[in-house]
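K.L.:
Have a look at this one.
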Amino acid sequence: MSTITQLPGKTAENLKKIRAGKPLVHNITNFVVMNYTANVLLATGASPVMAHAAGEVEEMVGLAGSLVLNIGTLTDRWVDAMVLAGRRATVLGRPIILDPVGAGATALRTAAARRILAETRVSVVRGNASEILSLGDAAAAGRGVDAVHAVDEAVEVAARLATSLQTTLAVTGKVDLVTDGRKAVRIANGHPLMTAVTGTGCSATAIIGAFLAVDPDPLSAAATGLACFNIAGEMAGEKAAGPGSFMINLLDALYNLRPEEVAERSRFSTA
Amino acid sequence: MSTITQLPGKTAENLKKIRAGKPLVHNITNFVVMNYTANVLLATGASPVMAHAAGEVEEMVGLAGSLVLNIGTLTDRWVDAMVLAGRRATVLGRPIILDPVGAGATALRTAAARRILAETRVSVVRGNASEILSLGDAAAAGRGVDAVHAVDEAVEVAARLATSLQTTLAVTGKVDLVTDGRKAVRIANGHPLMTAVTGTGCSATAIIGAFLAVDPDPLSAAATGLACFNIAGEMAGEKAAGPGSFMINLLDALYNLRPEEVAERSRFSTA
Amino acid sequence: MSTITQLPGKTAENLKKIRAGKPLVHNITNFVVMNYTANVLLATGASPVMAHAAGEVEEMVGLAGSLVLNIGTLTDRWVDAMVLAGRRATVLGRPIILDPVGAGATALRTAAARRILAETRVSVVRGNASEILSLGDAAAAGRGVDAVHAVDEAVEVAARLATSLQTTLAVTGKVDLVTDGRKAVRIANGHPLMTAVTGTGCSATAIIGAFLAVDPDPLSAAATGLACFNIAGEMAGEKAAGPGSFMINLLDALYNLRPEEVAERSRFSTA
């Protein structure tokens, strides 16, 4: 992976690659955020496709640069389709990112997230601290999709968990944390209004999906993707009158993001 | 219930309670409005969760302060999940609000709404006049989700219907009407652009869901919730260039709503 | 059909008819665009309803002025419902428009689009060039929902395809093309930001659905509907800061569109 000093340049480079290559990002995601995350991906420069039928997910993921799995409004049938697509992605070497929305809140969600981790090769898991913690053995009481644990509590557990799950974890909160168990990076960009709009977490996941399609290093893809998203959030927040104008400004900001700007504004640090 | 003179103060108080307690509102709702109503709940101060899998709805409603059931894009399987969640909510004493979208328009919708009313204890039903009327025996021809009956026609029928269904009815239109069969309140706030955006009715329902989580009186919860939503609608409409900017302004307005402001602007009257 | 010189006046006339009659447009469409296309239809003046349950689609389409079928997030069950609704619409003489989203990209989508064309009487198919081409025998490699063929390539093939499929084809791109095999019209209105927002293609389809409810000539309904939508796009683009503000401006522009204005700004030509 890039050293911490290389990440700002890498952020700019990855954004340029997405705009140039327009990678197809295959999403099997929840009903609440389908429209918004598709628009987030388009504004960033990627090509989103949403497809969940068992009869086509394997074919679709073969056309895609990466696969986004999000269990926000899961049913058994949808999780089956996620596993089907994920297995095919694993065989083809396509990177997978998992968003375990609400894991820890209900047994069904925790089990679904763990099943996907067990049956496919997930490159990155993006969640809030309580969702991430629920993937390990620690009893982590969930409460809907809200973060009940601070990011700080999660640092050590996350590193151990990343190692045991053999994946990269992106724990988002006031300050984001990305770790693969050996290395860790923090990203301090962001804006308070990001928590006042539904689907910003899911959008961060989708954007990391786009970054994974152009950057083979999960740690770097997750960290640079989060930096871009959070910087756009800062810009959107500067002139927002509330969560409505914020969510619209965020799409505009992602679309207008200049590579040199994200390099300059990014605030990476070692964890 | 509060007397009519107490409702303005109650509106401010309920809004404060939602902001302080951030009640989890469990929604089993339609695909069209999932994103927008989640954002409406967040902007108001509540914590929305959307979950419809039979395998988790009973667990989820146990974590929630209230349950919103909306049949806008129903199938049998979804209605089964609504009944499952609703029965559990009834046992746990969690308030339920039903939005019978399109009841009267097709037999499936009318039957689904009646089934939910029969098998669960619904605290409030929110609909337009024709949807509400279709729940009774009066032949009320529906036409999609449009209101073909004026609110006025519905007043007497609504009071009788509320009594026979043992629930509180919130009939929205140019002027809203809330009745539990014994008492009735009208709310005159609102803006014409509210009918030019999809999901404003469903959003009113979701907001009443949040108010039910902090106010044990269904009549007062429904009346004060509608007042807040309609006042935000007035503010949003003042500077809207059309339905697009209106729907975004509405989220901003809900987020910025001050308790003293809603108390002052509310226009309650006896029916 | 109207001659080319009559189309500007016809555009204004059709828009007036929609505003006056508020036709109910029954949509069986994809999860990504349900909210946005409902808002597009409302802003234009039509009454959208989304309903996909096998138990009600036949009844619902009986209430509607037209039927929009969109396979964007298809499963077998949804396609079955589309065929059920489509057969009933065919019997009742209600016009059908099909949006074959992603046809050519996966076998499931190509087969679904062809099945709907074979089992119902489709008045108009609206898609990008590669989606439309995939409906014929020509091998047309699809790549998600992106257009990999220019509109120009498609002109001749489209005319032959329209004849063989006995339908009207609306091929959208930089310049749109509408052909029924005998006559053809091009519409040069539009704005580059239309491709930066998800669901603009699906929205064009939905709007043509509304126009089909007031104009019995598929060629004229498709051409005038596209002109209205594209002109609103031009207006929205003039003051947009990016795709977020564009999608909101587009709803405002559709709502404020004046009939004389669309007649004046429309840019029809023979193909």
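Any Cβ shown, glycine's included, is placed from N, Cα and C.
These figures come from a predicted structure and were not determined experimentally.
Annotations for this protein, taken from TrEMBL, read as follows:
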- C:M50, C:G199: substrate binding site (BINDING)
- C:R126, C:T172: ATP binding site (BINDING)
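Let's see these features in context: how buried, what's close, how far.
P.N.:
Secondary structure at C:G199 (substrate binding site), as computed by DSSP, is coil. All protein chains considered, the CB of C:G199 (substrate binding site) has 25 other CB atoms within 10 Å.
The 10 Å shell around the Cβ of C:R126 (ATP binding site) contains 31 further Cβ atoms across the protein chains shown.
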K.L.:
Is C:M50 (substrate binding site) helix, strand or coil when read with DSSP?
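P.N.:
DSSP call for C:M50 (substrate binding site): strand.
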K.L.:
Taking Cβ atoms only, which of the binding-site residues C:M50, C:R126, C:G199 fall under 8 Å from chain B?
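P.N.:
Of C:M50, C:R126, C:G199, the entries that lie near chain B are C:M50.
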K.L.:
Take the C-alpha atoms of C:G199 (substrate binding site) and C:R126 (ATP binding site) and report the distance between them in angstrom, rounded.
P.N.:
13
K.L.:
Could you tally the C-beta atoms, other than its own, that fall within 10 angstroms of the C-beta of C:M50 (substrate binding site)?
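P.N.:
Excluding its own Cβ, C:M50 (substrate binding site) sees 26 Cβ atoms within 10 Å.
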K.L.:
About how far apart, in whole Å, are the alpha carbons (Cα) of C:M50 (substrate binding site) and C:R126 (ATP binding site)?
P.N.:
19
K.L.:
Take the Cβ of C:T172 (ATP binding site) and count every other Cβ within 10 Å, whichever protein chain it belongs to.
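P.N.:
Excluding its own Cβ, the number within 10 Å is 28.
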K.L.:
Which of C:M50, C:R126, C:G199 (binding-site residues) reach within a Cβ distance of under 8 Å of chain A?
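P.N.:
Checking chain A against the binding-site residues, the residues within range (Cβ-Cβ under 8 Å) are C:G199.
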